[in-house]
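Data first, discussion second: the structure below is written as structure tokens.
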Amino acid sequence: MTMITDSLAVVLQRRDWENPGVTQLNRLAAHPPFASWRNSEEARTDRPSQQLRSLNGEWRFAWFPAPEAVPESWLECDLPEADTVVVPSNWQMHGYDAPIYTNVTYPITVNPPFVPTENPTGCYSLTFNVDESWLQEGQTRIIFDGVNSAFHLWCNGRWVGYGQDSRLPSEFDLSAFLRAGENRLAVMVLRWSDGSYLEDQDMWRMSGIFRDVSLLHKPTTQISDFHVATRFNDDFSRAVLEAEVQMCGELRDYLRVTVSLWQGETQVASGTAPFGGEIIDERGGYADRVTLRLNVENPKLWSAEIPNLYRAVVELHTADGTLIEAEACDVGFREVRIENGLLLLNGKPLLIRGVNRHEHHPLHGQVMDEQTMVQDILLMKQNNFNAVRCSHYPNHPLWYTLCDRYGLYVVDEANIETHGMVPMNRLTDDPRWLPAMSERVTRMVQRDRNHPSVIIWSLGNESGHGANHDALYRWIKSVDPSRPVQYEGGGADTTATDIICPMYARVDEDQPFPAVPKWSIKKWLSLPGETRPLILCEYAHAMGNSLGGFAKYWQAFRQYPRLQGGFVWDWVDQSLIKYDENGNPWSAYGGDFGDTPNDRQFCMNGLVFADRTPHPALTEAKHQQQFFQFRLSGQTIEVTSEYLFRHSDNELLHWMVALDGKPLASGEVPLDVAPQGKQLIELPELPQPESAGQLWLTVRVVQPNATAWSEAGHISAWQQWRLAENLSVTLPAASHAIPHLTTSEMDFCIELGNKRWQFNRQSGFLSQMWIGDKKQLLTPLRDQFTRAPLDNDIGVSEATRIDPNAWVERWKAAGHYQAEAALLQCTADTLADAVLITTAHAWQHQGKTLFISRKTYRIDGSGQMAITVDVEVASDTPHPARIGLNCQLAQVAERVNWLGLGPQENYPDRLTAACFDRWDLPLSDMYTPYVFPSENGLRCGTRELNYGPHQWRGDFQFNISRYSQQQLMETSHRHLLHAEEGTWLNIDGFHMGIGGDDSWSPSVSAEFQLSAGRYHYQLVWCQK
């Protein structure tokens, strides 16, 4: 044990937080989570241990701008200015200094290992009592599961130790410091330490005791570590559970270890042995260790699909059977290996349906509770995710237990990121930083290696490639050869990774960056000598309205076996709740706390909002990742299961044939598909509709029974095919009514019954419509070529740093947002049964024509207005965001009804999950409340739209809401939007894709850009 003087002054003088060689003082060795049961039955059933006591709750807290400002008296008693805060928590969420959001840039001046003298410091204290029996015998430990970023600990005025690495436990022996009666803990937490240079992750920078604190009482002679692993024969019919147990304390000949394996209440195997390890070298073996091997016949294998778990109980006892203590863990029998270029689980090639997950809560910051963790897992499972990457640090220890039990594959990642260094490997190639890096990797492995859900270790994130990585890679491979290691830094395919694990590599497009090229994922596989599997550690940047082109990745994954999936970036928007002057909550992002530097809304890349409400993109991910694939041939549906281990024992296939959303026939067939098997389903003779319309076949896989992660009726997969389009020629009903045209100097006015249409001859636009005496328009019907920029359109561009390559900057520079219409033609003709208005406009900016739009409006005796639009795009202007029409309707109706793709928001490059049907939703549901407002709510493939008294027919895309594109473009946060008068309608003949391969470079694939020179579309507008 390191002994230093107890005084605060000496601790401050040492400045351990600016010494990369000092990562801890007096911290105990890492190990799996302990409970020290004194009853083996309680260990087997995982009941709360009487030896484990939570210290979570109210602590006293005082904040200081720097550690030097902390008075020495605080070690002995609480300060007058001390407040009460809840532990665990981040102190910024209680109003003490500010959270800082940055992606790459360090939030402090880069001068490792030194940190600013203005180093916010939180002083926590707690008084508590311990059981008298704990003082008389054994060892009492205190466990801090997570403290950001470094801390010193005192107990009863005496210095205990020091710890850093905010994402792994720091555990100390308190036995020598405790006394009878009341005890007092004092914890001085520093916001910045040399460890902060290794924690430059893309997240909010927050501080404090943000994970659980507990006391653990162990006997003097105790289990100090245990490690379980499973081995198999070739066909997995026989297994061996290897359990290596280590003890500390007085080694006696009468000590024994028993390891028993349980399946529920049934003991599967058991073994007992004295201590004394196998011979290691010429000096012998470990006297304080023993390895037991238990044979298991026909083990039930663990996978994310079927997370079968056993329970291993490790007992330390005397020769006569007297129990000293027991530890336990869940055991999953599974094997991970790479063979023939494939990542295999239990001999089957995995397809990783993964997502990156930060630990984030909108109210509690980086504090995770069990309810939120379970909610995340259920949502992931319900949306066909089978894997999660702990980005970019070891998670709360409970997370792994839950992943074991519910079934998720985990990439466990070391808390190392030096993204803001230039070059990135400045620290990771420096031997002075090897001890700090080593502790972050080795302690992660020692804590988490008993979890079957952990199938891959990661050396960290975005830290370049240095010699320290190579050393730690070799250490892991030596200590735990049962799992592969991945690491993206330095090019994603270095010697420090078993898996090619790029981030944001594209399917077919190379990105030849100097030194670290990102090849297309297809090309990467074929590089000379390359035999490893490829799994994208990050892809499909889901920032705001994004995930365009996701289907392209999944086509490639299913086509090329060594492309074994990836991890979407990322799971949850990292917005935080703030309150306005009236106490109303709103969602904040970088800069909203006065934090500098900051990276604005770049913290919001989630498939779900911070409150776990899904983004529309989540449905696209669910559909592309679904475990059942379908092929239609004639009357036969071929269903293919992508489950590797699960037989379809809880699935029904519902099928329905509908004509323009009207059901004509339906049925239900139980699915009986073996893992990786197929089932052919013969449909009956389908009805032949007599009326016109599109005939669609829709299949949905429904789970009739609830599961551990889904309710009864859960839909896990679906597909839709258009069978036919019945065409009919319907002659207009004979009408003696003929629209009447009136011409004035200013307008063309057409009247028919109680309806009127007014075209302004000076502007050439439809300026007003009346039904009776009620005006229908608040703004004219005009061409529209722009959209409120998406995050993907903006990229890295900002006011102080313009990226001319970003779509929005190209559109601005070309004048798309500022273009004004010059009237070229506006004429009216009376036909035999209709009035025809013909217009032409040149949309210009600074004298340059960007678009020419020609329209005809044909208003017939039935009151229908048929609109035909032809648009020419200048060859030297950027591809436009949309080609469509826009107006502000006077009505605000409660509901929107349409025949087209839905129900969720969809875009041309993100619509595979949408189904063609007749949909009816509240107007409010047509708007997607992205925290950073942008273009949203589009519905593609629309043949009919009904809103209020109006109906539109044709083949178009639309969005409709209370917010104009202008307001969306000019507003920084969704809570600042105000419902405008009437309703804004955008009807597009064509709309550019949204992209999403990444969010900092133009990522809309060429096939989804509006690159043609001419466009033509038609629609009919009438009143019901």
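Glycine too: its Cβ is placed from the backbone N, Cα and C atoms.
A quick note: this is a predicted structure, and the numbers were derived from the prediction, not measured.
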- Query: Taking Asn39, Asn598, Asn605 as the options, which does Swiss-Prot list with Asn103, Asp202, Glu462, Glu538, Tyr539, Ala540, His541, Trp1000 at the substrate site?
  - Reply: Asn605
- Near-site residues: Mg(2+) 1, ref Glu417, His419, Glu462, CB cutoff 8 A to centroid: Val104, Asp200, Gln201, Asp202, His392, Thr418, Gly420, Met424, Gly460, Asn461, Ser463, Gly489
- Residue, out of the recorded positions His392, His419, whose Cβ gathers the largest set of other Cβ atoms within 10 Å: His392
- Query: In sequence order, what residues of the same chain, 6+ apart, have a Cβ less than 8 Å from the Cβ of Glu462 (active site, proton donor)?
  - Reply: Asp200, His392, Glu417, Thr418, His419, Met424, Glu488, Gly489
- Task: Specify the nearest of the recorded positions His358, His541, Asn598 to Asn605 (Na(+) binding site), where nearness means the distance between Cα atoms.
- Result: His541
- Can you tell me which recorded positions out of Asp202, Glu538, Asn598 are within 10 A of Asn103 (substrate binding site) by Cα, answering none if there aren't any? Asp202, Asn598
- For Tyr539 (substrate binding site), the number of neighbouring Cβ atoms whose distance to its own Cβ is within 10 Å equals 26
- Taking the centre of the Cβ atoms of Asp202, Phe602, Asn605 as the Na(+) site, the remaining residues of that chain with Cβ inside 8 Å are Asn103, Met543, Trp569, Asp570, Gln574, Asp599, Cys603, Met604
- Task: Given the recorded positions Asp202, His358, Tyr539, His541, Trp1000, state which is nearest to Asn598 (Mg(2+) 2 binding site) when distance is taken between Cα atoms.
- Result: Asp202
- For Glu417 (Mg(2+) 1 binding site), the number of neighbouring Cβ atoms whose distance to its own Cβ is within 10 Å equals 26
- Query: Long-range same-chain neighbours of His541 (substrate binding site), Cβ under 8 Å, sequence gap at least 6?
  - Reply: Tyr504, Trp569, Asn605, Asn792, Gly996, Asp997, Asp998, Ser999
- Query: So which one is it: of the binding-site residues Asn103, Asn598, Asn605, which has the fewest other Cβ atoms within 10 Å?
  - Reply: Asn103
